Amino acid sequence: MFPMVTEFMNYGQQTVRAARYIGQGFIITLSHANRLPVTIQYPYEKLITSERFRGRIHFEFDKCIACEVCVRVCPIDLPVVDWKLETDIRKKRLLNYSIDFGICIFCGNCVEYCPTNCLSMTEEYELSTYHRHELNYNQIALGRLPMSIIDDYTIRTILNLPEIKT
């Protein structure tokens, strides 16, 4: 007889515990009900990126001295620098510079360690394409400045997101 009573008590304790867990989940759900939505309508609304956002790399061909510091500090040896030694002036002449953004991890080491500041990070983050080979940018594509989303009248920019209270 006693085993049946203890089983009934265990069943009651499990029921109370399950009801408590469901109630806690319901309270958490209700606390989130009065918050503003965090999502945005992406193609028509875009967030203004922060000042230190690491987007596509911008390259200035005239400033580059082909020192290859960017290649040495890159964790995956990504930038491809082709240069030719000019014997009459004893300097390197840059021929080609390219970065494959399909492989790039956007760590920013190349920008940080560049001695001539010919590399900089932009706020451009829309790099998606249908073919991987289109992500390999040469010096001409890297030299393009991104279009600012603030100047585009078809896109509504969202400056401040609602603060999330934890």
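Quick reminder: no glycine exception, Cβ is built from N, Cα and C everywhere.
The [4Fe-4S] cluster 1 binding site annotation in Swiss-Prot covers C64, C67, C70, C114, and the record cites sequence analysis as its basis. Annotation note: C70 ([4Fe-4S] cluster 1 binding site) sits in a helical segment as assigned by DSSP.
What Swiss-Prot records for C74, C104, C107, C110 is [4Fe-4S] cluster 2 binding site. Sequence-distant contacts of C104 ([4Fe-4S] cluster 2 binding site), defined by Cβ-Cβ distance under 8 angstroms and a gap of at least six in the same chain, are I57, I76, L78. In the three-state DSSP classification, C104 ([4Fe-4S] cluster 2 binding site) falls within coil.
Mean pLDDT for the domain '4Fe-4S ferredoxin-type 1' (55-84) in this predicted model: 94. Taken from Swiss-Prot, the feature domain '4Fe-4S ferredoxin-type 1' applies to 55-84.
Marked as domain '4Fe-4S ferredoxin-type 2' by Swiss-Prot: 95-124.
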For this session: Among all chains shown, work out which of the binding-site residues C67, C70, C110 has the most CB atoms within 10 A of its CB.
Result: C70
For this session: Provide the three-state secondary structure of C110 ([4Fe-4S] cluster 2 binding site) computed with DSSP.
Result: helix
Seminar exercise, completed: Filtered by Cβ under 8 Å and at least 6 apart in sequence, the residues in the chain of C107 ([4Fe-4S] cluster 2 binding site) near it are R54, C74, P75
